[in-house]
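In Swiss-Prot this protein carries:
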BINDING   HIS64, ASP102, GLU329  divalent metal cation 1 binding site
BINDING   HIS65, HIS326, GLU329  divalent metal cation 2 binding site
Amino acid sequence: MKISELMEVLNNHVPFHQAESWDNVGLLIGNDKLDITGILTTLDCTDDVVNQAIELNTNTIIAHHPLIFKGVKRIVEDGYGSIIRKLIQNNINLIALHTNLDVNPKGVNRMLADQIGLENISMINTNSSYYYKVQTFIPKNYIEDFKDSLNELGLAKEGNYEYCFFESEGKGQFKPVGDASPYIGKLDSIEYVDEIKLEFMIKDNELEITKRAILDNHPYETPVFDFIKMNKESEYGLGIIGQLNQTMTLDEFSEYAKKQLNIPSVRYTGQHDSPIKKVAIIGGSGIGFEYKASQLGADVFVTGDIKHHDALDAKIQNVNLLDINHYSEYVMKEGLKELLEKWLFKYENQFPIYASEINTDPFKYK
(Lines of atoms letter the chains of each structure in order from A and count residues from 1; the text may use other names and numbers.)
(Lines give C-alpha, C1' and ligand atoms only; values in the text may rest on other atoms or scores of the structure.)
Protein backbone atom coordinates (compact mmCIF):
# COMPACT_ATOMS: atom_id res chain seq x y z
CA MET A 1 0.00 0.00 0.00
CA LYS A 2 1.33 3.41 -0.96
CA ILE A 3 1.02 6.62 1.04
CA SER A 4 -1.29 8.03 -1.65
CA GLU A 5 -3.68 5.09 -1.15
CA LEU A 6 -3.58 5.56 2.63
CA MET A 7 -4.41 9.25 2.16
CA GLU A 8 -7.47 8.28 0.12
CA VAL A 9 -8.66 5.91 2.85
CA LEU A 10 -8.10 8.55 5.54
CA ASN A 11 -9.93 11.18 3.51
CA ASN A 12 -12.77 8.71 3.05
CA HIS A 13 -13.19 8.19 6.80
CA VAL A 14 -11.78 11.41 8.33
CA PRO A 15 -12.31 14.00 5.57
CA PHE A 16 -9.56 16.60 5.45
CA HIS A 17 -11.96 19.32 4.32
CA GLN A 18 -13.76 19.03 7.66
CA ALA A 19 -10.72 20.42 9.47
CA GLU A 20 -10.81 24.04 10.65
CA SER A 21 -9.51 26.60 8.13
CA TRP A 22 -6.62 27.55 10.45
CA ASP A 23 -5.52 23.93 10.87
CA ASN A 24 -2.73 22.04 9.10
CA VAL A 25 -3.73 18.46 8.31
CA GLY A 26 -2.80 15.80 5.78
CA LEU A 27 0.63 14.67 4.60
CA LEU A 28 3.00 17.21 6.18
CA ILE A 29 6.31 15.47 5.43
CA GLY A 30 6.98 12.62 3.02
CA ASN A 31 6.45 11.11 -0.40
CA ASP A 32 3.00 9.85 -1.36
CA LYS A 33 4.56 7.37 -3.81
CA LEU A 34 6.34 5.39 -1.08
CA ASP A 35 5.18 1.94 0.05
CA ILE A 36 4.17 1.74 3.70
CA THR A 37 6.32 -0.44 5.98
CA GLY A 38 4.27 0.27 9.10
CA ILE A 39 2.14 2.91 10.84
CA LEU A 40 2.72 4.45 14.27
CA THR A 41 -0.04 6.54 15.89
CA THR A 42 0.84 9.29 18.36
CA LEU A 43 -0.59 12.40 19.96
CA ASP A 44 2.55 14.45 19.26
CA CYS A 45 5.49 13.83 16.95
CA THR A 46 8.51 14.26 19.22
CA ASP A 47 12.13 13.16 18.83
CA ASP A 48 11.43 10.10 21.00
CA VAL A 49 8.46 9.13 18.82
CA VAL A 50 10.58 9.39 15.66
CA ASN A 51 13.23 7.19 17.30
CA GLN A 52 10.53 4.64 18.12
CA ALA A 53 9.37 4.63 14.49
CA ILE A 54 12.97 3.99 13.38
CA GLU A 55 13.35 1.11 15.86
CA LEU A 56 10.09 -0.44 14.65
CA ASN A 57 11.08 -0.02 10.97
CA THR A 58 7.87 1.98 10.57
CA ASN A 59 7.99 4.66 7.89
CA THR A 60 4.65 6.37 8.59
CA ILE A 61 3.64 8.36 11.67
CA ILE A 62 0.07 9.59 12.09
CA ALA A 63 -0.07 12.33 14.74
CA HIS A 64 -3.05 14.20 16.13
CA HIS A 65 -1.19 17.46 16.71
CA PRO A 66 0.52 18.88 13.58
CA LEU A 67 4.31 19.16 13.94
CA ILE A 68 4.29 21.97 11.36
CA PHE A 69 1.63 24.37 12.56
CA LYS A 70 2.85 27.92 12.99
CA GLY A 71 5.14 29.41 10.38
CA VAL A 72 8.46 27.53 10.23
CA LYS A 73 11.20 30.03 9.38
CA ARG A 74 14.21 27.73 9.58
CA ILE A 75 15.00 24.01 9.76
CA VAL A 76 18.24 23.52 11.68
CA GLU A 77 19.74 21.00 14.12
CA ASP A 78 17.71 22.07 17.13
CA GLY A 79 14.09 22.47 18.17
CA TYR A 80 11.44 21.40 15.70
CA GLY A 81 14.00 21.58 12.91
CA SER A 82 15.90 18.61 14.30
CA ILE A 83 12.72 16.50 14.32
CA ILE A 84 11.85 17.50 10.76
CA ARG A 85 15.40 16.72 9.59
CA LYS A 86 15.34 13.31 11.26
CA LEU A 87 12.02 12.46 9.60
CA ILE A 88 13.36 13.42 6.18
CA GLN A 89 16.74 11.70 6.67
CA ASN A 90 14.99 8.44 7.59
CA ASN A 91 12.31 8.62 4.87
CA ILE A 92 9.52 8.74 7.45
CA ASN A 93 6.17 10.14 6.37
CA LEU A 94 4.26 12.35 8.80
CA ILE A 95 0.48 12.70 8.55
CA ALA A 96 -1.64 14.93 10.81
CA LEU A 97 -5.28 14.25 11.69
CA HIS A 98 -6.21 17.15 13.95
CA THR A 99 -9.53 19.00 13.97
CA ASN A 100 -10.90 16.67 11.29
CA LEU A 101 -10.44 13.85 13.82
CA ASP A 102 -11.90 16.04 16.58
CA VAL A 103 -15.19 16.53 14.70
CA ASN A 104 -15.44 12.96 13.44
CA PRO A 105 -18.30 10.94 15.02
CA LYS A 106 -15.76 8.21 15.88
CA GLY A 107 -12.93 10.61 16.68
CA VAL A 108 -11.15 11.93 19.75
CA ASN A 109 -14.24 13.10 21.64
CA ARG A 110 -16.01 9.79 21.07
CA MET A 111 -12.90 7.97 22.27
CA LEU A 112 -12.88 10.06 25.47
CA ALA A 113 -16.62 9.53 25.94
CA ASP A 114 -16.22 5.76 25.54
CA GLN A 115 -13.34 5.75 28.03
CA ILE A 116 -15.52 7.53 30.59
CA GLY A 117 -18.46 5.25 29.77
CA LEU A 118 -21.03 7.71 28.46
CA GLU A 119 -24.26 6.34 27.01
CA ASN A 120 -27.03 7.78 24.80
CA ILE A 121 -24.53 10.11 23.18
CA SER A 122 -25.01 12.91 20.65
CA MET A 123 -22.93 15.81 19.35
CA ILE A 124 -22.75 19.23 20.97
CA ASN A 125 -22.13 21.30 17.85
CA THR A 126 -23.10 19.72 14.52
CA ASN A 127 -22.22 20.40 10.89
CA SER A 128 -23.25 18.44 7.82
CA SER A 129 -22.10 17.34 4.38
CA TYR A 130 -24.16 16.07 1.45
CA TYR A 131 -24.69 12.57 0.10
CA TYR A 132 -24.69 11.65 -3.59
CA LYS A 133 -26.47 8.81 -5.35
CA VAL A 134 -24.25 6.95 -7.81
CA GLN A 135 -25.70 4.99 -10.69
CA THR A 136 -23.85 3.00 -13.32
CA PHE A 137 -24.54 0.07 -15.66
CA ILE A 138 -22.68 -3.25 -15.36
CA PRO A 139 -22.83 -6.46 -17.44
CA LYS A 140 -24.90 -8.96 -15.48
CA ASN A 141 -22.14 -11.57 -15.28
CA TYR A 142 -19.68 -9.01 -13.86
CA ILE A 143 -21.86 -7.41 -11.19
CA GLU A 144 -20.65 -9.36 -8.13
CA ASP A 145 -16.95 -8.74 -8.81
CA PHE A 146 -17.69 -5.05 -9.33
CA LYS A 147 -19.58 -4.77 -6.03
CA ASP A 148 -16.75 -6.56 -4.22
CA SER A 149 -14.23 -4.04 -5.57
CA LEU A 150 -16.35 -1.13 -4.30
CA ASN A 151 -16.80 -2.74 -0.90
CA GLU A 152 -13.04 -3.26 -0.50
CA LEU A 153 -12.62 0.52 -0.84
CA GLY A 154 -15.18 1.19 1.88
CA LEU A 155 -17.91 2.37 -0.52
CA ALA A 156 -21.65 1.62 -0.35
CA LYS A 157 -21.58 1.42 3.44
CA GLU A 158 -24.13 2.90 5.83
CA GLY A 159 -23.34 2.69 9.53
CA ASN A 160 -22.97 -1.00 10.41
CA TYR A 161 -24.20 -2.17 6.98
CA GLU A 162 -22.08 -3.05 3.94
CA TYR A 163 -23.04 -3.81 0.31
CA CYS A 164 -25.83 -1.19 0.36
CA PHE A 165 -26.81 -1.42 -3.33
CA PHE A 166 -30.00 -1.31 -5.39
CA GLU A 167 -30.12 -3.29 -8.65
CA SER A 168 -32.52 -3.21 -11.58
CA GLU A 169 -32.20 -5.28 -14.75
CA GLY A 170 -32.23 -3.93 -18.27
CA LYS A 171 -30.69 -4.35 -21.71
CA GLY A 172 -27.91 -2.16 -23.05
CA GLN A 173 -26.69 -1.84 -26.61
CA PHE A 174 -23.62 -0.45 -28.38
CA LYS A 175 -21.66 -0.77 -31.61
CA PRO A 176 -17.84 -0.80 -31.37
CA VAL A 177 -16.20 1.09 -34.25
CA GLY A 178 -12.77 2.32 -35.29
CA ASP A 179 -10.02 1.54 -32.78
CA ALA A 180 -12.40 0.31 -30.07
CA SER A 181 -11.27 -2.66 -27.98
CA PRO A 182 -14.57 -3.95 -26.55
CA TYR A 183 -14.84 -6.17 -23.48
CA ILE A 184 -17.98 -7.62 -25.08
CA GLY A 185 -18.97 -7.69 -28.76
CA LYS A 186 -17.28 -7.31 -32.15
CA LEU A 187 -16.23 -4.33 -34.21
CA ASP A 188 -18.89 -2.82 -36.50
CA SER A 189 -21.60 -5.00 -35.00
CA ILE A 190 -24.44 -3.87 -32.70
CA GLU A 191 -24.21 -5.77 -29.43
CA TYR A 192 -27.08 -6.27 -26.96
CA VAL A 193 -26.05 -6.97 -23.36
CA ASP A 194 -28.00 -7.95 -20.26
CA GLU A 195 -27.00 -5.25 -17.78
CA ILE A 196 -27.65 -4.27 -14.18
CA LYS A 197 -28.30 -0.68 -13.22
CA LEU A 198 -26.42 -0.40 -9.93
CA GLU A 199 -27.23 2.40 -7.47
CA PHE A 200 -25.64 3.30 -4.13
CA MET A 201 -24.95 6.31 -1.89
CA ILE A 202 -21.66 8.05 -1.10
CA LYS A 203 -20.62 11.10 0.93
CA ASP A 204 -19.29 14.20 -0.80
CA ASN A 205 -15.70 13.42 0.18
CA GLU A 206 -15.98 10.03 -1.60
CA LEU A 207 -16.63 11.47 -5.07
CA GLU A 208 -13.06 11.19 -6.35
CA ILE A 209 -12.35 7.71 -4.97
CA THR A 210 -15.69 6.48 -6.39
CA LYS A 211 -14.93 7.89 -9.83
CA ARG A 212 -11.52 6.20 -9.81
CA ALA A 213 -13.02 2.93 -8.56
CA ILE A 214 -15.53 2.85 -11.42
CA LEU A 215 -12.93 3.68 -14.07
CA ASP A 216 -10.45 1.12 -12.67
CA ASN A 217 -12.90 -1.76 -12.14
CA HIS A 218 -15.62 -1.37 -14.76
CA PRO A 219 -15.15 -3.79 -17.67
CA TYR A 220 -16.16 -1.23 -20.32
CA GLU A 221 -13.66 1.15 -21.91
CA THR A 222 -15.94 4.16 -21.38
CA PRO A 223 -18.38 3.35 -18.57
CA VAL A 224 -21.45 5.51 -18.02
CA PHE A 225 -22.04 6.75 -14.48
CA ASP A 226 -23.84 9.61 -12.74
CA PHE A 227 -23.42 11.43 -9.42
CA ILE A 228 -26.76 12.86 -8.26
CA LYS A 229 -26.75 15.22 -5.26
CA MET A 230 -29.30 14.20 -2.63
CA ASN A 231 -31.12 16.04 0.14
CA LYS A 232 -29.77 13.58 2.72
CA GLU A 233 -26.94 14.96 4.87
CA SER A 234 -24.30 13.29 7.06
CA GLU A 235 -23.51 14.85 10.41
CA TYR A 236 -20.19 15.61 12.03
CA GLY A 237 -19.34 18.05 14.76
CA LEU A 238 -17.40 19.05 17.82
CA GLY A 239 -18.02 17.57 21.24
CA ILE A 240 -19.99 14.70 22.73
CA ILE A 241 -22.77 14.82 25.30
CA GLY A 242 -24.10 11.71 27.01
CA GLN A 243 -25.13 10.12 30.27
CA LEU A 244 -23.42 8.15 33.00
CA ASN A 245 -25.11 4.90 33.98
CA GLN A 246 -25.53 6.27 37.50
CA THR A 247 -25.55 9.68 39.15
CA MET A 248 -22.40 10.77 41.03
CA THR A 249 -21.38 13.85 42.95
CA LEU A 250 -19.01 16.22 41.17
CA ASP A 251 -16.22 15.17 43.51
CA GLU A 252 -16.89 11.48 42.82
CA PHE A 253 -17.07 12.08 39.08
CA SER A 254 -13.76 13.95 39.05
CA GLU A 255 -12.05 10.96 40.72
CA TYR A 256 -13.86 8.55 38.39
CA ALA A 257 -12.80 10.46 35.25
CA LYS A 258 -9.22 10.66 36.50
CA LYS A 259 -9.15 6.89 36.98
CA GLN A 260 -10.89 6.02 33.71
CA LEU A 261 -8.59 8.27 31.68
CA ASN A 262 -5.50 7.24 33.67
CA ILE A 263 -4.30 10.81 34.09
CA PRO A 264 -2.27 12.14 37.05
CA SER A 265 -4.53 15.03 38.06
CA VAL A 266 -7.79 16.85 37.40
CA ARG A 267 -9.33 20.05 38.75
CA TYR A 268 -12.90 21.27 38.78
CA THR A 269 -15.16 24.22 39.51
CA GLY A 270 -18.50 23.96 41.30
CA GLN A 271 -19.94 22.47 44.46
CA HIS A 272 -18.30 19.14 45.34
CA ASP A 273 -21.68 17.53 46.03
CA SER A 274 -23.39 18.70 42.80
CA PRO A 275 -25.20 15.73 41.19
CA ILE A 276 -23.64 14.65 37.88
CA LYS A 277 -25.53 12.48 35.40
CA LYS A 278 -25.28 14.20 32.00
CA VAL A 279 -21.74 14.92 30.82
CA ALA A 280 -20.42 16.99 27.90
CA ILE A 281 -16.85 16.56 26.70
CA ILE A 282 -14.49 18.23 24.23
CA GLY A 283 -10.89 17.03 24.26
CA GLY A 284 -7.98 19.44 24.08
CA SER A 285 -9.10 23.05 24.45
CA GLY A 286 -12.90 23.22 24.39
CA ILE A 287 -13.61 26.39 26.34
CA GLY A 288 -16.22 28.41 24.48
CA PHE A 289 -18.73 25.56 24.31
CA GLU A 290 -19.40 25.20 28.05
CA TYR A 291 -22.53 27.36 28.01
CA LYS A 292 -24.01 25.59 24.99
CA ALA A 293 -23.34 22.29 26.76
CA SER A 294 -25.13 23.65 29.83
CA GLN A 295 -28.10 24.69 27.68
CA LEU A 296 -28.23 21.11 26.38
CA GLY A 297 -28.61 19.89 29.94
CA ALA A 298 -25.03 18.93 30.79
CA ASP A 299 -24.30 18.80 34.52
CA VAL A 300 -20.58 19.23 33.88
CA PHE A 301 -18.42 20.29 30.93
CA VAL A 302 -15.19 18.30 30.56
CA THR A 303 -12.21 19.69 28.63
CA GLY A 304 -8.57 20.79 29.04
CA ASP A 305 -6.49 23.97 29.12
CA ILE A 306 -9.03 25.90 31.22
CA LYS A 307 -7.78 29.40 32.07
CA HIS A 308 -8.36 31.14 35.41
CA HIS A 309 -10.83 33.75 34.17
CA ASP A 310 -12.85 31.24 32.13
CA ALA A 311 -13.11 29.02 35.21
CA LEU A 312 -14.14 31.97 37.38
CA ASP A 313 -16.82 33.06 34.89
CA ALA A 314 -18.23 29.53 34.77
CA LYS A 315 -18.24 29.23 38.56
CA ILE A 316 -20.12 32.53 38.95
CA GLN A 317 -22.72 31.32 36.42
CA ASN A 318 -23.05 27.90 38.12
CA VAL A 319 -21.58 25.96 35.19
CA ASN A 320 -19.50 23.02 36.43
CA LEU A 321 -16.15 22.50 34.69
CA LEU A 322 -13.74 19.57 34.89
CA ASP A 323 -10.22 20.14 33.53
CA ILE A 324 -8.70 16.83 32.38
CA ASN A 325 -5.57 18.41 30.84
CA HIS A 326 -4.82 18.60 27.13
CA TYR A 327 -2.77 15.41 27.22
CA SER A 328 -5.91 13.37 27.99
CA GLU A 329 -6.30 13.24 24.21
CA TYR A 330 -3.63 10.53 24.27
CA VAL A 331 -6.53 8.04 24.13
CA MET A 332 -6.54 8.68 20.38
CA LYS A 333 -3.34 6.65 19.98
CA GLU A 334 -5.02 3.33 20.71
CA GLY A 335 -8.38 4.52 19.39
CA LEU A 336 -6.96 5.50 16.00
CA LYS A 337 -4.96 2.26 15.82
CA GLU A 338 -8.21 0.29 16.20
CA LEU A 339 -9.94 2.39 13.54
CA LEU A 340 -7.01 1.94 11.13
CA GLU A 341 -7.13 -1.83 11.63
CA LYS A 342 -10.78 -1.77 10.52
CA TRP A 343 -10.25 0.61 7.61
CA LEU A 344 -7.13 -1.18 6.34
CA PHE A 345 -8.15 -4.77 7.04
CA LYS A 346 -7.38 -5.93 3.51
CA TYR A 347 -3.78 -4.74 3.96
CA GLU A 348 -3.36 -6.34 7.41
CA ASN A 349 -0.68 -8.78 6.22
CA GLN A 350 1.37 -6.08 4.45
CA PHE A 351 2.46 -3.94 7.40
CA PRO A 352 1.93 -3.59 11.18
CA ILE A 353 0.08 -0.77 12.95
CA TYR A 354 1.33 0.41 16.34
CA ALA A 355 0.09 2.83 19.00
CA SER A 356 3.09 4.70 20.40
CA GLU A 357 3.85 4.10 24.07
CA ILE A 358 5.83 7.35 24.32
CA ASN A 359 4.39 9.81 26.84
CA THR A 360 4.55 13.24 25.18
CA ASP A 361 2.99 15.18 28.05
CA PRO A 362 5.37 18.13 28.62
CA PHE A 363 4.33 18.46 32.28
CA LYS A 364 5.52 16.66 35.40
CA TYR A 365 3.02 16.26 38.25
CA LYS A 366 3.49 16.16 42.03
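Here the Cβ of each residue, glycine as well, is placed from N, Cα and C on the backbone.
Swiss-Prot feature annotations superimposed on the structure.
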{"residue": "HIS64", "record": "divalent metal cation 1 binding site", "DSSP (3 states)": "coil"}
{"residue": "ASP102", "record": "divalent metal cation 1 binding site", "DSSP (3 states)": "helix"}
{"residue": "HIS326", "record": "divalent metal cation 2 binding site", "DSSP (3 states)": "helix"}
Next on the checklist: For the divalent metal cation 2 site (HIS65, HIS326, GLU329), what does the 8 A shell look like? I mean other same-chain residues with CB within 8 A of the CB centroid.
Outcome noted: LEU43, ASP44, HIS64, GLY283, GLY284, GLY304, TYR327, SER328, TYR330
Checklist entry - For the recorded divalent metal cation 1 site formed by HIS64, ASP102, GLU329, which further same-chain residues have Cβ atoms within 8 Å of the site's Cβ center? => result LEU43, HIS65, HIS98, LEU101, GLY107, VAL108, GLY283, GLY284, MET332
Checklist entry - Taking the Cβ of HIS326 (divalent metal cation 2 binding site) as the centre, how many other Cβ atoms fall within a 10 Å radius? => result 18
Checklist entry - Highest CB neighbour count within 10 A among the binding-site residues HIS64, HIS65? => result HIS64
Checklist outcome for this item: Whole-number Å distance separating the Cα atoms of ASP102 (divalent metal cation 1 binding site) and HIS65 (divalent metal cation 2 binding site) is 11
